[in-house]
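Structure first, then comments.
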Amino acid sequence: PAAGEKHSGLSQNYDNIIYLIQCKRGIGTDYRGTEARTQRGIPCQKWAEKIPHKPNYTPEKYPNAGLEENYCRNPDADESGPWCYTTDPATRFDYCAIPECENQCMQCNGEDYHGEVSRTESGLECQRWDVQEPHMHGFILKHYPDKDLKMNYCRNPDGELRPWCFTTNPKKRWEYCNIPRCNSPPPVTGLGSQCLSGKGEDYRGRIAITESGNACQHWNTQFPHKHGWIPDTYPCKGLEENYCRNPDGEKKPWCYTTNSSIRWEYCTIPSCDRTEQEIADVPVQVPLTEECYRGKGQSYRGTTSVTVSGRKCQAWSSMFPHTHIKTPDRFPDADLRDNYCRNPDGDSSPWCFTTDPNTIWEYCNLKRCDDHTQEPPNASPGMMEQNIGQSTPTTSGNSWL
């Protein structure tokens, strides 16, 4: 993923375009966004349903209030803003965390800016979003209904540093606009961000492993992969630690990996469509360095399953891609469950076979509990040129095959 790409595409007229603006003006009586969870993360009840709560406000009684699906709305002009009936029998209704539309200034990177500035920072007039001259582009209105691409106003539909526009100068494709920053603090995301809703752009959970098992690289580091998603540059994208995020509108949260041969991968995040209990049952995957072992780690029973170089561990009961004899049947006391890092043979620290056909085994990304300054073993045993099927000693002299 990379910020700053301005694609080419076809034109689209403004006729019949419905703007699903995801922010509210004033108390939000005209809010028509798609937020469907309360400020505490509880899913909203559909306005047309009567379970678990019998509603006073229904689509039939208030046809002009936008009571579609279970989206947050404000049909009664409540001073506290949009709300909804909840799916929790114990909570009849609650308010929703809808950010204010920014008309005169911008928060964060200006993705909620809906003002009318239409000139770039150098004074060039902006090109209308619904035309393709002098510059063809892919920001077609029907494909970005929630980005408020009206007239030729400066906007930030793609997660750039700040609002921008295509210019009417044939020699200058696009340029940033000079929008002042708001003095008020940015809105705080609600509890619903612990699960995947839509593309997961508001996900703020602590999963830090990719869908293939690679550990995530910290956002504030440039190793092993250099990138432009700097936390200080994008203060509202939630780029804390090495947690999976979606700062650029990808199809779901992702991260750069600690595997030098794999730049980035998507992450597996539990969907908000699942029940609250199902979401709660999904184990939180914290940064792998928080787990530790004592001594040589023969008693380690944690769930880390990634090596020191970021490779995913092979299951102990599997013979692919590496054949071995370190099986649960042969080592019943070593707790060789799944593909968790273990030390069944008295090696110097927990290890595992890897799913990389070119790397037989490696130590795991773990530190000793009694010495958090100790670095993982420097040896890279998986890189040793060994023939699978032959007995080869480990660094401690034990047979691994």
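Glycine too: its Cβ is placed from the backbone N, Cα and C atoms.
Predicted, not measured: the structure shown is a model, and the values here were computed from it.
Take the candidates Cys272, Cys292, Cys313; TrEMBL pairs Cys369 in a disulfide bond with Cys292. Between the stretches 24-50, 375-401, TrEMBL puts its region 'Disordered' entry on 375-401.
The recorded disulfide partner of Cys126, taken from TrEMBL and restricted to Cys84, Cys96, Cys165, Cys177, is Cys165.
Recorded disulfide link (TrEMBL): Cys272 to Cys195, out of the candidates Cys182, Cys195, Cys352. The disulfide entry in TrEMBL for Cys182 points, among Cys105, Cys108, Cys255, to Cys105. The shortest Cα-Cα distance from Cys177 (disulfide bond) to any of the disulfide-bonded residues (Cys126, Cys216, Cys341, Cys352, Cys364) is found for Cys126. When the disulfide-bonded residues Cys216, Cys255, Cys364 are compared by Cα distance to Cys267 (disulfide bond), the shortest distance belongs to Cys255. For the disulfide-bonded residues given as Cys154, Cys272, Cys313, the lowest number of other CB atoms within 10 Å of the residue's CB is seen at Cys272. Within the domain 'Kringle' (194-272), the DSSP-based counts of helix, strand and coil residues read 1 helix, 15 strand, 63 coil.
Following the DSSP three-state reduction, the secondary structure of Cys105 (disulfide bond) is coil. Neighbours of Cys364 (disulfide bond), defined as other CB atoms within 10 A of its CB across all chains, total 28.
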